[in-house]
Amino acid sequence: MSPTRVRVPAKVNLHLGVGGLRPDGFHELVTVFHAVGLHDVVTVQVADAMGVRVSGPAAAGVPTGSDNLVWRAAELLASRCRAGSPVRVEIAKQIPVAGGMAGGSADAAAALLGCARLWGADPVVLPELAAELGSDVAFGLVGGTALGTGRGELLEPLPTTGELHWVLVPAEFGIAAGDAYRELDRLRAEGAVPPPALDVTGLRAALVSGRPDEVAAALHNDLEPACLSLAPALHAVLAAGRKAGALAGIVSGSGPTCAFLCADEPAARRVAADLPRATVARGPVPGATVLGR
Ligand SMILES: C[C@@](CO)(OP(=O)(O)O)[C@H](O)COP(=O)(O)OP(=O)(O)OC[C@H]1O[C@@H](n2ccc(N)nc2=O)[C@H](O)[C@@H]1O
Ligand SMILES: Nc1ncnc2c1ncn2[C@@H]1O[C@H](COP(=O)(O)OP(=O)(O)O)[C@@H](O)[C@H]1O
């Protein structure tokens, strides 16, 4: 049987409002996910035994055993649909690892979709399985721009007008999502940060307007003070992007990647030229998509 290839995007959080810590150890979120054109490609094919191979510019440090989320995704789908031969999963990795862009979650979403195709499983089960694998995996399946609530797994697509042009600046280190949330709790206990920002009315209107300046003014990340506390070097990255001409810059999710919104594509190219390691990307883009052979 021929391999199935799935392309899957990274995300930035246009808004990340972090509510209280729940008894299950997760925080209640009001977030706006936005899929951007920086992709991993995940290929699944029938094999004698399960295996994971990772290649590409962001491959360093990605686990290749059963702790890779794609392995867990394949096993979960196999057990749920009582089918599934062993698969070899190859990840061509461009999304920065532990970068706040949900790369592992994206790969898991792609693996679910690819294995469902390969095994003839009904894709209707995938959102539920995605939510079991991680808070951001369900968004990887749908992409676009979506409101995320609960721990991030409850999704409502949001209407948008036009395209947004981003400059993405990855760091040379990672931040684990759990560490960022714990640091936020610590800062909150000290009274060192503003209360949770759980209202996205202004952002929703800005997205419909299609005006990048209005979207820029509405960007917000409650985790940003925690990321800056864990990685103070990010202050300089944010300042450099704004100085280079971005409309606004935010830490993406749990960081440390910084995302800069620009007025248009030429502006994004100019800003990227001023920042080391920067790439340009546009959004929104579709979620996990099976590619032709
Ligand atoms: C912060 C966000 C923003 O979209 O993503 P990244 O920026 O890391 O990609 C997400 O909330 C991360 O999602 P994801 O990386 O899937 O997290 P999970 O594996 O589900 O959880 C990792 C850890 O993050 C913390 N966590 C995650 C989600 C949530 N709503 N509350 C939490 O407190 C918990 O400590 C959990 O053990
Ligand atoms: N397919 C995968 N790609 C990247 N990281 C993975 C993958 N599977 C498991 N991981 C583990 O998940 C951690 C967080 O990965 P990632 O999703 O890239 O970060 P973030 O939550 O910041 O977006 C990594 O440090 C790595 O140990």
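Note: Cβ is positioned from N, Cα and C throughout, glycine not excepted.
All annotation found in TrEMBL is predicted automatically rather than curated by experts.
Listed in TrEMBL:
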- K11: active site (ACT_SITE)
- D136: active site (ACT_SITE)
- P96, V97, A98, G99, G100, M101, A102, G103, G104, S105, A106: ATP binding site (BINDING)
- 68-144: domain 'GHMP kinase N-terminal' (DOMAIN)
- 204-277: domain 'GHMP kinase C-terminal' (DOMAIN)
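Counting only residues at least six positions away in the same chain, the Cβ atoms of K11, F33, A102, S105, G152 sit under 8 Å from the Cβ of D136 (active site). Neighbour count (other Cβ atoms within 10 Å of the Cβ, all protein chains): 24 for P96 (ATP binding site). Counting residue by residue with DSSP, the domain 'GHMP kinase C-terminal' (204-277) contains 39 helix, 11 strand, 24 coil. Other than P96, V97, A98, G99, G100, M101, A102, G103, G104, S105, A106, the residues of this chain whose Cβ falls within 8 Å of the Cβ centroid of the ATP site are, in sequence order, A10, I95. Here the binding-site residues are A98, A102, A106, and the one whose Cβ sees the fewest other Cβ atoms within 10 Å is A98.
Each of the binding-site residues G100, G104 was scored by how many other Cβ atoms lie within 10 Å of its Cβ, and the smallest score goes to G104.
In the vicinity of ligand 1, defined as a Cβ distance under 6 Å, the following of the recorded positions P96, A98, G100, A102, G104, D136 are placed: G100, A102, D136.
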